[in-house]
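According to TrEMBL, the features are:
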- R75: pyridoxal 5'-phosphate binding site (BINDING)
- R97, S98, Q105, R313: substrate binding site (BINDING)
- R271, R398, K463: tRNA binding site (BINDING)
- K284: N6-(pyridoxal phosphate)lysine (MOD_RES)
Amino acid sequence: MNRDSFAAGERLVSPAYVRQGCEARRSHEHLIRLLLEKGKCPEDGWDESTLELFLHELAIMDSNNFLGNCGVGEREGRVASALVARRHYRFIHGIGRSGDISAVQPKAAGSSLLNKITNSLVLDIIKLAGVPAVTSCFVVPMATGMSLTLCFLTLRHKRPKAKYIIWPRIDQKSCFKSMITAGFDPVVIENVLEGDELRTDLKAVEAKVQELGPDNILCVHSTTSCFAPRVPDRLEELAVICANSGIPHIVNNAYGVQSSKCMHLIQQGARVGRIDAFVQSLDKNFMVPVGGAIIAGFNDSFIQEISKMYPGRASASPSLDVLITLLSLGSNGYKKLLKERKEMFSYLSSQLKKLSESYNERLLHTPHNPISLAMTLKTRGEHQDKAITQLGSMLFTRQVSGARVVPLGSVQTVSGHTFRGFMSHANNYPCAYLNAASAIGMKTQDVDLFIKRLDKCLKTVRKEQNKESNVSGVDNYDKTEDVDIEEMALKLDNVLFDTYQNSS
């Protein structure tokens with residue numbers, strides 16, 4: 001209500017009570033005004049009543065919510081289900097216009113304002129997370145792979161002769177397919193093994209630049225966040241190569257916002273060399289539903305070019321989700337989550353190290369990877385690969401999600417290109433292993449439960465291996481352990497084994 005409404009209310013209720021209510025509303029409005037004036041994430045998170053007031057105020061600025069609106073076009077924000085309307089806080093028109101996803105939409109002033117505020121808050125958080133030099137960004141309603149494709153398509157107009165993208169290998173299908181979908185030929189640069197870590201082969205990158213010629217190369221496509229034993233690319237060195245050769249540089253920073261180390265690499269790469277854009281996922285970094293990403297960079301005009309390359313209007317849902325999340329957390333809340341994630345990484349590392357040693361295994365030494373860990377998996381018996389994959393199936397049936405088992409010698413063809421040793425980021429990594437990651441939002445109880453269930457699964461696998469290898473027929477497994485639940489789970493494992501193997 002405005003001042004006139006409050007004044008009218010004083011005729012019905014004690015003026016003292018009305019003035020108290022008016023002051024309470026002003027406190028909400030003060031927070032909203034500060035947000036609009038500064039365009040930065042508030043330090044302390046908002047309560048739900050302030051958030052809902054803000055969203056409702058924005059929504060009634062859209063034409064579909066005007067009282068007496070008469071729409072005679074083909075897109076008037078009509079929604080058949082009231083449940084759908086409430087789910088979206090009645091933001092129906094989406095964001096952008098047909099020629100630019102960042103443009104203001106005349107029919108939807110509220111949605112356009114929501115879009116601008118969200119991009120401003122996300123830019124503030126990226127700076128806070130470790131890239132203070134970033135100048136521009138926008139939320140796009142596509143996941144990381146398609147957002148990378150959009151970057152490559154934008155570069156096509158700048159480099160019409162370019163055919164190739166230089167790509168230090170990372171075994172993640174969407175990264176590879178993002179280049180194929182854009183119509184380019186990925187030039188796969190195999191990683192080099194340094195200790196346990198797989199690192200960027202800079203000499204091979206430089207050799208390919210010389211062989212192909214800079215004008216024929218669209219960009220270098222590097223990666224920060226990745227599964228151990230692969231570690232983030234040598235971004236500073238790659239950025240220098242790109243700057244010296246006049247080649248654009250696009251960074252896949254999928255879940256790197258939550259890692260100060262990944263963000264520092266991007267900041268340093270831009271400082272000493274060239275990084276044109278870096279792309280990160282909304283769901284992995286901000287704990288919102290899948291479906292959005294952030295494209296950010298150090299040159300306003302180039303980031304605007306990317307936004308104009310997006311055809312048509314776009315869904316406002318990812319922008320709405322991240323706006324609500326950031327206003328709920330505040331910058332202090334998000335910083336707290338980043339701090340807790342680091343602590344959980346250390347805890348997960350120590351617990352996984354203890355468990356691995358108890359089974360005569362080893363936690364791989366990958367100090368340059370700040371998010372993912374890997375533990376060796378030794379097997380005995382005739383069916384080693386099956387035993388390792390079976391472990392992954394067992395974890396899955398025991399509701400452990402996210403852990404990956406990587407056997408030796410897996411071969412997979414992705415968009416016509418055959419990868420040997422697929423999932424291990426190398427043709428011939430020395431050992432099979434299991435991955436686990438400490439991502440934002442993980443709690444101590446998640447680590448403890450994972451270690452407990454992994455311990456049980458490893459015991460069961462070792463039991464089966466002992467049966468195979470014990471030629472005297474004596475089972476060395478501890479019979480005193482209660483294995484009724486495990487035997488039931490094993491039956492389920494056998495049913496779901498093939499499904500897990502195919503999904504891997």
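Cβ from N, Cα, C; glycine included.
TrEMBL: automatically predicted annotations, no manual curation.
Of R97, S98, Q105, K284, R313, all annotated as recorded positions, the residue with the shortest Cα distance to R398 (tRNA binding site) is K284. Same-chain residues that are not part of R97, S98, Q105, R313 yet have a Cβ within 8 Å of the Cβ center of the substrate site turn out to be G94, I95, G96, G99, D100, I101, A103, G312.
A separation of roughly 29 Å, to the nearest angstrom, links the Cα atoms of S98 (substrate binding site) and K284 (N6-(pyridoxal phosphate)lysine). In sequence order, A133 constitute the residues six or more apart from R271 (tRNA binding site) in its chain with CB-CB distances below 8 Å. The two recorded residues, R313 (substrate binding site) and the residue listed as 'N6-(pyridoxal phosphate)lysine', show a Cα separation of 24 Å. Of all residue pairs in R271, R398, K463, the annotated binders of tRNA, the farthest apart have Cα atoms separated by 54 Å. On its own chain, R75 (pyridoxal 5'-phosphate binding site) has H93 as residues at least 6 apart in sequence with a Cβ closer than 8 Å to its own Cβ. Spanning the listed substrate site, residues R97, S98, Q105, R313 have a farthest Cα to Cα distance of 10 Å. A straight line from the CA of K284 (N6-(pyridoxal phosphate)lysine) to the CA of K463 (tRNA binding site) spans 37 Å. Reported as a whole number, the C-alpha separation between K463 (tRNA binding site) and R97 (substrate binding site) equals 62 Å. Of all Cβ atoms in the shown protein chains, 18 besides its own fall within 10 Å of the Cβ of R97 (substrate binding site). Around Q105 (substrate binding site), the same-chain residues at least 6 positions away in sequence with a Cβ under 8 Å from its Cβ are H93, G94, I95, G96, R97, S111, S112, R313.
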